[in-house]
Amino acid sequence: MSNRRGLLIILSSPSGAGKSTLSRRLRDWDPTIAFSVSATTRAPRPGEVDGQDYHFMSQPQFKQDVAAGDMLEHAHVFGNFYGSPRGPVQAAIDAGRDVLFDIDWQGAQQIRNSALGAHTLSIFLLPPSIRELHRRLETRGQDAPDVIAKRMEKSWDEISHWDGYDFVLVNEDLDATEARLKTIIEATRLRRSQQPGLTAHVRALQTEFEEMQ
Ligand code: GDP
Ligand code: ADP
C-alpha cells in the first residue's frame with residue numbers, strides 16, 4: 001500500500017544479550033530497514049567502522065549536537081554518551097522506511113514520549129540466564145575484563161525495565177529469536193495506524209460497491 005509510514009523498531013537488552021547480532025540479521029533479511037547509527041563518545045572496538053557501527057565523536061562535539069537539538073534521544077550509559085542523530089531517522093521515516101534502533105531503556109523511553117511515539121515498536125531481549133549473559137560477553141571477546149565486569153554490574157538496571165516494552169523475547173536459540181522478531185515486525189507493519197493508504201482503498205471499495213447496486 002502506498003503512503004506507508006515508517007516504523008521505529010527499538011531493540012533493547014542488557015549488554016551481551018544479542019541486540020547487535022539480531023539487528024544485523026534483520027537488516028540482511030530486509031535491506032529496506034534503515035539502521036539508526038548512533039553517536040557515541042566511547043572508543044571504537046577492533047573492527048568497528050566509523051559511520052557504520054557508530055559515529056564516534058568527542059564529548060564536546062556530542063554535547064554541541066545535543067544542545068543544537070540534533071539528537072532524537074540521548075543517554076549516559078556505562079560512562080559514555082550515546083545518542084540517535086535525528087536527521088537520518090526523520091528522512092527514513094518520511095520515505096516510508098522502518099528504522100531500527102539498538103538503544104538502552106532511557107533512549108526507548110524518550111522516543112516513546114516523542115512526537116514519533118505513536119509509531120514505535122519496542123522489543124526487549126532477555127538472556128536465558130545471568131551466567132549465560134556473562135559467558136556471551138566473554139566469548140564475544142571484544143571487551144577487557146573490567147569493561148565486562150561493569151556491563152554485568154549494570155545488567156540488572158537494564159533488565160529491570162523489561163516491562164515497559166511491547167514485546168519481550170528470551171534469546172535462547174538465536175534462530176528461533178530471529179524468526180520471532182520477524183513475525184513481530186511483519187504483524188506490526190499491518191497495524192491500521194501504519195497503513196494510512198487504507199482509507200483511500202476502502203473509499204474506492206465503497207464507490208465500486210455503490211456503483212454495483
Ligand atoms: P554493547 O551493547 O555491549 O555492544 O555495547 P555498546 O557500547 O555498543 O552499547 C552500550 C549500550 O548503549 C547498549 O545498551 C546500547 O543499546 C546503548 N546504546 C547504543 N546506542 C545508543 C543510543 O544512541 N542511545 C541510547 N540511549 N543508548 C544507546
Ligand atoms: P549485544 O549487542 O546485546 O551486546 P551481541 O549481539 O554482541 O550482544 O551478542 C553477544 C555475544 O553473544 C556475541 O558473541 C553473539 O554472537 C552471542 N550470541 C547472541 N545471541 C546468542 C544466542 N542466542 N546464543 C548464543 N550466543 C549468542
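Each residue, glycine too, has its Cβ placed from N, Cα and C.
Curation plays no part in TrEMBL annotations; they are all automatic predictions.
If you check TrEMBL, you get these features:
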- Ser13, Pro14, Ser15, Gly16, Ala17, Gly18, Lys19, Ser20: ATP binding site (BINDING)
- 6-186: domain 'Guanylate kinase-like' (DOMAIN)
Cβ neighbours within the same chain of Ser20 (ATP binding site) - under 8 Å, at least six residues apart: Asp102
In sequence order, those binding-site residues of Ser13, Pro14, Ala17, Gly18 whose CB lies under 6 Å from ligand 1: none
Which of Ser13, Ser15, all binding-site residues, has a Cβ with the fewest other Cβ atoms inside 10 Å: Ser15
Among Pro14, Ser15, Gly16, Ala17, the binding-site residues whose C-beta sits under 6 Å from ligand 2: Ser15, Gly16, Ala17
Residues close to ATP site centre defined by Ser13, Pro14, Ser15, Gly16, Ala17, Gly18, Lys19, Ser20, Cβ within 8 Å: Leu125, Pro127, Leu133, Arg136, Asn171
Secondary-structure category, per DSSP, in which Ser20 (ATP binding site) falls: helix
